[in-house]
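Asker: Please see the structure below; I have some questions.
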Amino acid sequence: MKQNVIALVFGGRSSEHSVALRSAATIHAALMALGHRVHCVGIDREGNWRYQGEPCQFPGAVDRSAPLISIRPGHRSLSYTTQESGTVEIGIDLLFPALHGRWGEDGTIQGLAAMCGLPCVGSGVLGSAMAMDKDVTKRMVQSAGLVVVPWLAMNSMRPWEELVECLGSSTLFVKPATSGSSIGVSRVSNALEYAAAFAIAAREDTKVLVEAAVCGREIECGVLELEEGLMASVVGEIIKKEGHAYYDYQAKYDSNSVTGLRVPSLLPPDIVARIQALSVQAFRCLELKGYARVDFFLTEEGEIILNEINTLPGFTSASMYPKMFECSGYPPPKLVGALVEYGLSSASKERL
């Protein structure tokens, strides 16, 4: 593979800042193994872009004393200024966002890259924005014939009794419309719990979703876009053990979590094939690019229900997406290499 100059952008203002740092460390190691030049750009929690070096040691936090980054529209470059070196301009072939949540996964960074003429790994503005909003995602894929979890979207609280009647369940999930990593998500079964959960979710977003609880297995499938077409990974399953009612933040990222991942799943081949086909269908429905992880519930009756779609899935050591593709013949360096290749080739077709 040709050596490219890649700006790896990580951190960000969202509540998933710490997860993004861990994803970036994995991606950085893969890019270095492939022989690319990697310039690291950390976005601190206040939204400042800071140059972290080439390469980066990933100390666990964005260095807030590092120089600020400037981007000029129309120039495929980043620049920063120090007293010792003056202004340093770095030509960039590709932007690789390792960002999760708002101001990174929602189309904002993708729009900035497009305005500046910088090729960018992953989905564009439209697909990123639609997939980030769980309400919009559900409406889009439901219109395409996929089954989704029953839900209501709201900007202010509605009566508990009304929600139970509308959703047909007395156990509900309350979540922000645009957060990830299960941040701000609560499982509730009465009006008091609902009021507290709504307040938590509303701290993350002005739009809050309330969903009916689904009794079923939690299944995930990855999609990777290659020059020859879309590839669905093996299917993985989240194994919830005693102590976790659902796959929350602790279960996802705590090394002592009692929740496990089974990759590949032990599902029958026909069910796996259906999940893979639905993953590709959802990917196309939202006009996504590059890669995504699609999450489902599988009920005892065999119904496959789409839960949500992540356009910048986690790349941590505990993340399902890289595990599923490693079992599909794409270990992290090969997987990241495929993302780089497609990001560059799709940009050339779009004449960025």
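Just so it is clear, glycine is given a Cβ too, placed from its N, Cα and C backbone atoms.
Positions annotated as domain 'ATP-grasp' by Swiss-Prot: 138-341. The feature ATP binding site is assigned by Swiss-Prot to 165-220, with sequence analysis given as support. The Mg(2+) 1 binding site annotation in Swiss-Prot covers ASP295, GLU308 and is backed by sequence analysis. The Mg(2+) 2 binding site annotation in Swiss-Prot covers GLU308, ASN310 and is backed by sequence analysis.
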Asker: Please give me the CB contact count at 10 A for SER179 (ATP binding site), counting all chains in the structure.
Answerer: 23
Asker: Would you count the other C-beta atoms found within 10 angstroms of the C-beta of LEU172 (ATP binding site) for me?
Answerer: 26
Asker: When the pLDDT values for the domain 'ATP-grasp' (138-341) are averaged, what is the result?
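Answerer: So the average pLDDT across the domain 'ATP-grasp' (138-341) works out to 92.
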Asker: Run through the Cβ atoms and count how many others sit within 10 Å of the one on ILE200 (ATP binding site).
Answerer: 16
Asker: I'd like to know which of the binding-site residues ASP295, GLU308, ASN310 sit within 10 A of LEU172 (ATP binding site) at the Cα level.
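Answerer: Within 10 Å of LEU172 (ATP binding site): none of them.
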Asker: Going by DSSP, is ILE200 (ATP binding site) sitting in a helix, a strand, or coil?
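Answerer: Where ILE200 (ATP binding site) sits, the three-state DSSP reduction gives helix.
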Asker: When you put ASN310 (Mg(2+) 2 binding site) at the centre and draw a 10 Å sphere around its Cα, which of the binding-site residues ILE200, VAL214, ASP295 have their Cα inside it?
Answerer: ASP295
Asker: CB neighbours of ASN310 (Mg(2+) 2 binding site) within 10 A?
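Answerer: Counting Cβ neighbours of ASN310 (Mg(2+) 2 binding site) within 10 Å gives 22.
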Asker: Do you know offhand how many angstrom separate GLU193 (ATP binding site) and GLU308 (Mg(2+) 1 binding site) by C-alpha?
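Answerer: Their Cα atoms are separated by 24 Å.
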Asker: List the same-chain residues at least 6 positions away in sequence whose Cβ sits under 8 Å from the Cβ of LYS207 (ATP binding site), in sequence order, or say none.
Answerer: ASP133, ASP135, ALA153, MET154, ASN155, PRO176, ALA177, THR178
Asker: Can you figure out which of SER186, ILE200, VAL214 (the binding-site residues) comes closest in space to GLU308 (Mg(2+) 1 binding site), comparing Cα atoms?
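Answerer: Out of the listed candidates, the nearest Cα belongs to VAL214.
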